[in-house]
Amino acid sequence: MKIAILPGDGIGPEIIAQAERVLEVLRRDGLKIETEHAPLGGAAYDQYGVPYPEATQKLAREADAVLLGAVGGPAYDKLDRPLRPERGLLAIRKDLNLFANLRPAILYPELANASTLKPEVVAGLDIMIVRELTGDIYFGQPRGIAVNELGEREAYNTMRYSESEVRRIAHVAFGIAMKRNRKLCSVDKANVLETTEFWKEIMIEVAKEYPQVELSHMYVDNAAMQLVRNPKQFDVMVTGNIFGDILSDEASMLTGSIGMLPSASLDQNNKGLYEPSHGSAPDIAGQNLANPLATILSAAMMLRYSFGQEAAARRVEDAVKKVLAQGYRTADIYEAGCEKVSCSGMGDAVVAAM
């Protein structure tokens, strides 16, 4: 199991270090894990002048999975767009043909008070959002900023999906629904956008291959509202790139801390890029304050989806549950009566729990 470790920017190196400690425990206990580091994002720009350099490309392609910290930061905001850290993330997703983004939103019982919603609204919350990653308005051509025939500046982007792109993400979502509670909600804006009307048609066609799964449809504006009003009605949600980007961030905050939430981006063969759902948090970088649990749980997702190591994945997840039950909290999830720990302190607790 060769893993490319890309610490990235901001708090990335700190949180990745704790995930590596967890992998080291598993390696000591017999899992054949091999790791190698490379830069991505701002760190890569600082070193190579580009956010996704050739050395990183080579390692990412050769590895069986990629574990990433976070990319970005205000220091890079003035760079030309192709050189910005986020472009490195888009490029590696494209390069590795990662088309399915899985974002779980799980509320741990111990953190029920961390959510801004009433505990009874979010108790037992466990949603999986499946987001298509390589199509839609983020990648559609033409795009740009230009001067029109009236001599006025204008900007334009193109929302576009091919049938094969929608079909393959549909199969991923239905497959996940089959392993869970057999409920799938497809989110679109079919009343206004032809692209998502097309999306809905294909979802209905693919559903015929999964008669055990109950498929429902919801407009994106209503879905955003329902996630706050009654989130427990959802089990698996599937949607396009831009809607998924927004809804998965919204769902993450139902849980009280984005610092708790992992994510996976998979290709056709379950090779994946695994990263926490949060950003690089430059305001707390280097202070040993970050919450490493999302990154540790991303490593657990990697063990499950890319390596089929279900027992190892559960061992990591159970260790996280145990440290929360023991009352350990980083600053972002701290509440009175708990024990506040640093980033490395949380790593210590998880390793001890394993």
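Positions of Cβ are set from backbone N, Cα and C atoms, glycine also.
Features as listed in Swiss-Prot:
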type: BINDING; residues: 73-86, 279-291; note: NAD(+) binding site
type: BINDING; residues: Arg93, Arg103, Arg131, Asp221; note: substrate binding site
type: SITE; residues: Tyr138; note: site 'Important for catalysis'
type: SITE; residues: Lys189; note: site 'Important for catalysis'
type: BINDING; residues: Asp221, Asp245, Asp249; note: Mg(2+) binding site
**Complete:** When each of the binding-site residues Arg81, Arg131 is scored by other CB atoms within 10 A, the minimum falls on Arg81
**Request:** Would you mind pulling the DSSP three-state label for Asp245 (Mg(2+) binding site)?
**Result:** helix
**Request:** Measure from the CA atom of Asp221 (substrate binding site) to the CA atom of Lys189 (site 'Important for catalysis') and give the result in Å, rounded to a whole number.
**Result:** 8
**Request:** Any same-chain residues 6+ apart from Ala285 (NAD(+) binding site) with CB under 8 Å of its CB? Would you list them in sequence order, or say none?
**Result:** Asp9, Gly10, Ile11, Glu14, Gly73
**Those residues of the chain, 6+ apart, with a Cβ under 8 Å from that of Leu289 (NAD(+) binding site)** = Thr330, Ala331, Ser342, Cys343
**Request:** For Tyr138 (site 'Important for catalysis'), name the DSSP secondary structure in the helix/strand/coil scheme.
**Result:** helix
**Prompt:** What's the CA to CA span in angstrom from Arg93 (substrate binding site) over to Tyr138 (site 'Important for catalysis')?
**Reply:** 12
**Listed binding-site residues among Asp77, Pro85, Arg103, Arg131 whose Cα sits within 10 Å of Asp249 (Mg(2+) binding site)** = Arg103
